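J.: Here's a structure for you.
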Amino acid sequence: MKVFDLIVIGSGAAGLTSAFTALGFGKKVLIVEKHRSGGECTWSGCIPSKGLINQAKDVYSAKKYADISVDSAALLTKVRAISEAIYSHETPEVLEKAGAVFVQGEAAFISAKVIEVGGGQYQGKKIIIATGSSPAVPPITGLSSVPYLTNDNFFEQDKLPDSILVLGAGAIGMELAQAMNRLDVRVTVVEMMPEVMFREEPEMAALIREKLSAEGVVFHLGTKAIAVENSPTGVRLTVSRDEHKEVLEAEKILVALGRSPNIDGLNLAAVDIKTQRGVVVDQYLQTTAKGVYACGDVAGPYLLSHMANYQAKLATLNALLPIRRKVNYEHVAWATFTDPEFARAGMTEAEARAAQGDSIRVYHYDFNKLDRAKTKAGDMGRIKLITSRHGKVLGAHIIGERAGEMIAQVQLVKTLGLNFAKVQGVIHPYPTYSDALRQIAQQVFLDNLLLNPVVKFFRTLVGKGAKSKTG
């Protein structure tokens, strides 16, 4: 039986990071992959969706100046080519050239140190589970009888449909809904919650919904999908809202209702690895089986590629090195790539008030005040910053062009534990979108001054002097 320092099950964002981290330490690494290396991000998530979004944005902009037709088949071919280009750096050949052993197949645990793949057994001193997640498919009556789409097969279509029903208004649903609408697909979104992206700051989520609605996307909020059936023109969906039923029809239906961890077939029970909405891990990302770690979507709690990278590096170091570090979820940021983008770091206002009461400070800044945004007609945007009473960042929410880039500056300040007022002292290039953060920081700085005991003292003196003169 071949023995490895580390066995990595899965070669998506988490698995690849784990493997390359271990290889960097000169370790003998085995990578086991059930499907294709690269994982969901390369083939059906981050990469192809952004490729489609960018092309849809180009088409949308061009339509302002000319009548153009959309060749969705050509666009999807280009999107797949983007994935292939990314994959060229993640192929089994590339991984083996880097020093890993790559085995294609489904892994199953025999013990906490031994797995079986295709009849062969492999031993690992440590094992990392990085199998990712798959689209969650709800038990809607009739859904299994229609050829529904998920993001797993969406980009494999020959062309886009003329019309589509999107179940779910989370990040995936909203991104693809807007992109398809801009590419001449009639889009209807059905969401059971009263607002889109219900985990986000409500006022900000509403702005994104209003933007998509203005472009032509139809929303049915607070609406539950009851049943699906085939129709002569595609699919027929029965929905219910406030006990009133309605029938919606479209050529196709896209299920975008979250994701489920890939744990089937791993034979986790054989080694007493506990699961609960994924593989259960401790603060060091170790499972309930000693020497077996898990990271990425299969472990949660954040199903984000950059979180998978963070967890994977930490899990690998904890598995291989004598000194272990705890995982830290205090500083997490993410972005939804609608147009405009929507980025977040930290708490919502409601969460901040629940944690620190009404002593928090809330700042708003609209892009209609920003010179850079004024140079582009219709360039909407807003920043909502939530700080402690003394200016430490509790949460930030940004809607606007390049919001995903701007949030990184807030995230840096938050992670380093700095007062946001310090940003006003940083010279920002002009005119830029990030200058909006400097302008908010100026207000934080002024508010901080008002809390300064010396400033309070002199303000009191000035106030008394003014009263004596008027007296």
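For all residues, glycine too, the Cβ spot is worked out from N, Cα and C.
Pasting the relevant annotations from TrEMBL:
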DOMAIN    4-309  domain 'FAD/NAD(P)-binding'
DISULFID  Cys41-Cys46  disulfide bond
BINDING   Lys50, Thr131, Gly132, Ser133, Asp297  FAD binding site
BINDING   Gly168, Ala169, Gly170, Ala171, Ile172, Gly173, Met174, Glu175, Glu191, Gly258  NAD(+) binding site
DOMAIN    332-439  domain 'Pyridine nucleotide-disulphide oxidoreductase dimerisation'
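Tell me what's around each of these sites.
T.: All chains included, 18 other C-beta atoms sit within 10 angstroms of the C-beta of Cys46 (disulfide bond).
For Gly132 (FAD binding site), applying a Cβ distance below 8 Å and a minimum sequence separation of six or more within one chain yields Gly10, Gly12, Ala13, Ala14, Gly15, Gly39, Glu40, Pro261, Asn262, Gly296, Asp297, Val298, Ala308.
Non-local contacts of Gly168 (NAD(+) binding site) by the CB criterion (under 8 A, 6+ apart in sequence, same chain) comprise Val189, Val190, Glu191, Val255, Ala256, Leu257, Gly258.
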J.: Of the recorded positions Cys41, Cys46, Gly170, Ile172, Met174, which sits closest to Ser133 (FAD binding site) by Cα distance?
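T.: That would be Cys41, the closest of Cys41, Cys46, Gly170, Ile172, Met174 to Ser133 (FAD binding site).
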J.: Quick one: of the recorded positions Cys41, Cys46, Ile172, Met174, which has its CA closest to the CA of Thr131 (FAD binding site)?
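T.: Comparing Cα positions, the candidate nearest Thr131 (FAD binding site) turns out to be Cys41.
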J.: Within 8 Å of the Cβ centre of Gly168, Ala169, Gly170, Ala171, Ile172, Gly173, Met174, Glu175, Glu191, Gly258, which other residues of the chain have their Cβ, at the recorded NAD(+) site?
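T.: Other same-chain residues with Cβ inside the cutoff are Val166, Ala177, Val196, Met197, Ala256, Leu257.
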J.: By DSSP assignment, list the helix, strand and coil residue numbers for the domain 'Pyridine nucleotide-disulphide oxidoreductase dimerisation' (332-439), in that order.
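T.: Taking each residue of the domain 'Pyridine nucleotide-disulphide oxidoreductase dimerisation' (332-439) in turn, the totals are 42 helix, 32 strand, 34 coil.
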J.: With an 8 Å cut-off on Cβ-Cβ distance and a minimum sequence separation of at least 6, pull the same-chain contacts of Lys50 (FAD binding site), or say none.
T.: Phe337
J.: Does Gly170 (NAD(+) binding site) have same-chain partners at least 6 apart in sequence with Cβ under 8 Å from its own Cβ, and which are they?
T.: Met197, Ala256, Leu257, Gly258
J.: Tally every other Cβ atom lying within 10 Å of the Cβ atom of Glu191 (NAD(+) binding site).
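T.: So the Cβ neighbour count for Glu191 (NAD(+) binding site) comes to 26.
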J.: For Ile172 (NAD(+) binding site), what residues in its own chain, 6 or more apart in sequence, show a Cβ-Cβ distance under 8 Å?
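T.: Ser49, Asn151, Ala256 - these are the non-local Cβ neighbours of Ile172 (NAD(+) binding site), listed in sequence order.
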